[in-house]
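Trainee: Following this message is one structure expressed as structure tokens.
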Amino acid sequence: MASTFTSSSSVLTPTTFLGQTKASSFNPLRDVVSLGSPKYTMGNDLWYGPDRVKYLGPFSVQTPSYLTGEFPGDYGWDTAGLSADPEAFAKNRALEVIHGRWAMLGAFGCITPEVLQKWVRVDFKEPVWFKAGSQIFSEGGLDYLGNPNLVHAQSILAVLGFQVILMGLVEGFRINGLDGVGEGNDLYPGGQYFDPLGLADDPVTFAELKVKEIKNGRLAMFSMFGFFVQAIVTGKGPLENLLDHLDNPVANNAWAFATKFAPGA
């Protein structure tokens, strides 16, 4: 890609990692610099290639030879050698992206009902994520967003059926790339339905968005794990746990509940 440009200039590109500033060869397809303002868009060489940021920064040991920085989110860390086999590596990349997307949606869905009920005064019968589903077995059923005019669910079988159909259609479009629906890429279908705003039209922006997606997806997966543990230990939702901690950090923290994991406690 860089060979298509006959001229380049050396610029100083600020990076967000350890406050470093490095000299690099400016390339319009690789580095996007807003010269009219102090805000810089990260160069893709910060996240891709042999000189990318590593998992321990400057203290990282030699990274495995198969982790070349070709793919987004590769920080050179694979202690267990899970990605040594190319086929396993490809499968794991796909699994991570898909699970990260589900986790981002899940984390958003876990927090939103509590936020809406507390500060927007939306009347949910049960805003806590791990308790809300049981409302479908109540006499009045389950109202989506607390509004009976949206979806008034009274049958768990009907909900599961619609879920399978809707998710199956989306996954089918994603994998098969039907004409006019997607572009045939399993992980990044694109097209007017999967990228209606054209966010991935520019290759530099697309490469940067892939990194942002995988980083936020990993964070969301850890968040969901934290929500699961909180639900088991405290029996409360994530927002209520957060507010309790902010109200009294000394009394409401992980250490205060650590004994609940001890046998016989």
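Cβ atoms here come from the backbone N, Cα and C positions, even for glycine.
Features from Swiss-Prot:
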type	residues	note
BINDING	TYR55	chlorophyll b 1 binding site
BINDING	TRP77, SER83, GLU96, ARG218	chlorophyll a 1 binding site
BINDING	HIS99	chlorophyll a 2 binding site
BINDING	ARG101, VAL151	chlorophyll b 2 binding site
BINDING	GLN135, LEU145, GLU213	chlorophyll a 3 binding site
BINDING	SER155, GLU171	chlorophyll b 3 binding site
BINDING	GLN163, PHE261	chlorophyll b 5 binding site
BINDING	GLN163, ARG174	chlorophyll b 4 binding site
BINDING	LYS212, GLN230	chlorophyll a 5 binding site
BINDING	ASN216	chlorophyll a 4 binding site
BINDING	HIS245, ALA254	chlorophyll a 6 binding site
TRANSIT	1-22	transit peptide
TRANSMEM	150-170	transmembrane segment
TRANSMEM	219-239	transmembrane segment
Trainee: Between the binding-site residues GLU96, GLU171, GLU213, where is the Cβ count within 10 Å the lowest?
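Mentor: Sparsest of the binding-site residues GLU96, GLU171, GLU213 by Cβ contacts within 10 Å: GLU171.
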Trainee: Quick check: of the binding-site residues listed here (GLN135, GLN163, ARG174, LYS212), which one has the Cα closest to that of GLU96 (chlorophyll a 1 binding site)?
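Mentor: In terms of Cα distance, GLU96 (chlorophyll a 1 binding site) lies closest to LYS212.
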Trainee: Compute the mean position of the Cβ atoms of TRP77, SER83, GLU96, ARG218, which form the recorded chlorophyll a 1 site, and then list in sequence order the other residues of that chain whose Cβ is within 8 Å of it.
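Mentor: Not counting the recorded site residues, we get GLY73, ASP74, TYR75, ASP78, ASN92.
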Trainee: Looking at the binding-site residues ARG101, GLN135, HIS245, whose Cα is closest in space to that of GLU171 (chlorophyll b 3 binding site)?
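Mentor: Ranked by Cα distance from GLU171 (chlorophyll b 3 binding site), first place goes to ARG101.
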Trainee: Sort the binding-site residues TYR55, TRP77, ARG101, ARG174 by C-alpha distance from GLN135 (chlorophyll a 3 binding site) and give me just the closest.
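Mentor: Answer for the nearest of the binding-site residues: ARG101.
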Trainee: At the level of the C-alpha atoms, what whole-angstrom distance separates GLN230 (chlorophyll a 5 binding site) and ALA254 (chlorophyll a 6 binding site)?
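Mentor: Between the alpha carbons of GLN230 (chlorophyll a 5 binding site) and ALA254 (chlorophyll a 6 binding site) there are 9 Å.
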Trainee: If the chlorophyll a 3 binders are GLN135, LEU145, GLU213 per the record, what's the largest distance between their Cα atoms, in Å?
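Mentor: Farthest-apart Cα atoms in GLN135, LEU145, GLU213 are separated by 33 Å.
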